[in-house]
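Asker: Attaching a single structure in structure tokens format; questions to follow.
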Amino acid sequence: MEDGEPILGSLFVYAPNKVAPVIFAAAFAASAAGHIWQCYCYKCFRVIGLHPVCAVVFSVGYMLREYGAFNYMYSTRNLLVFIFSQVFIFVCPPLLELANYHVLGRIFYYVPYFAPLPAGRVLSTFGGLMLIVEVLNSLGVSFSANPSASQSRQDLGQNLTIVALAIQLAVIVTFVVLAALFHRRCAKAGLRSRAVSTPLATLYASMALILVRCIYRLVEHLGNTTVRLKDLEALRSLSPILRYEWFFWVFEATLMLVNSVIWNVWNPGRYLPSDHHIYLARDGRTEIQGDKGRDERPMLAKAGSILTFGVFFRDKKGSPPFQELSDLPVADRQT
């Protein structure tokens with residue numbers, strides 16, 4: 001309810017809105033259709049393929065929430081629908097964050113001589129971290145979303161979610177450090193290509209949205225989240241974030257929809273080549289096609305470069321990891 005007064009037996013704690021889920025399910029479906037068309041048109045599914053997948057999952061999650069809006073009182077069937085809707089909605093943001101790391105790695109492939117981390121290591125390193133976050137997040141949501149679970153099981157779910165969100169916050173900070181260091185190197189070298197600046201600006205906006213959403217979720221789980229469906233006083237003592245539905249629609253649904261739409265508007269396929277063996281020359285105007293060269297540095301130097309984000313132990317030659325084969329015009333993309 002809008003006044004924050006809980007309803008006994010409601011899986012949502014309140015009587016959920018019946019209109020908003022339809023709007024967001026339709027909006028995410030439209031965004032998914034746009035992403036699928038753009039992936040086909042720009043041949044960029046490998047770069048941004050997680051976005052159409054997540055948009056579809058979001059849409060299904062909000063469809064299930066619409067069912068729950070009319071069937072929110074506790075029963076076995078309603079509980080299963082509620083848990084699946086929660087998992088589908090909350091499982092996607094870490095995947096969208098992973099998609100951002102994929103885009104950053106693709107930018108590093110395009111301008112390898114300023115990359116603070118080898119492009120191939122971006123996805124493998126952050127992908128491993130986000131896999132941990134995804135597992136912890138999925139388990140945490142499934143445990144804590146079940147109001148019929150034991151107190152210890154709900155507490156475990158809450159703790160797992162807090163750990164996942166803390167790791168996610170740390171990874172976001174690391175991302176910002178990497179992107180800012182790369183951006184600074186490009187600026188110092190006078191590289192002003194739109195093929196680099198536009199995807200980077202979109203990444204910053206996307207990570208800001210995910211960061212705000214992550215903080216919202218962390219604050220939610222640091223409060224009282226133990227749901228006792230038949231105890232009115234216990235429900236009244238819950239965190240306001242759980243008792244007022246508008247928090248969810250503003251800081252969860254809206255932020256993630258905006259994140260999906262900005263990637264529709266500034267799809268990286270419009271700016272970056274589909275082939276990661278095509279690199280931007282140092283003049284910022286021509287592209288060079290070639291093969292990745294070998295990094296001849298000792299293993300310890302490579303490890304030191306990775307651990308310090310390329311600040312130390314950089315390749316002294318300063319040459320890009322490829323052999324120049326041919327110059328290609330870039331007029332077909334917005335550089």
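Quick reminder: no glycine exception, Cβ is built from N, Cα and C everywhere.
OK, TrEMBL features for this one:
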type	residues	note
TRANSMEM	20-37	transmembrane segment
TRANSMEM	44-64	transmembrane segment
TRANSMEM	79-101	transmembrane segment
TRANSMEM	122-140	transmembrane segment
TRANSMEM	160-183	transmembrane segment
TRANSMEM	195-219	transmembrane segment
TRANSMEM	246-266	transmembrane segment
Asker: Residues of the same chain, at least six outside the transmembrane segment (195-219), with any C-beta under 8 angstroms of its C-beta?
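Answerer: 90, 93, 96-97, 100, 103-104, 106-107, 110-111, 161-162, 165-166, 168-169, 172, 175-176, 179, 182-183, 186, 241, 247, 251-252, 255-256, 258-259, 262-263, 266, 268, 271-272, 280, 330, 333-335.
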Asker: Go through 20-37, 122-140, 160-183, 246-266 and flag the stretch with the largest number of C-beta pairs under 8 Å relative to the transmembrane segment (44-64).
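Answerer: Ranked by Cβ pairs under 8 Å, first place goes to 20-37.
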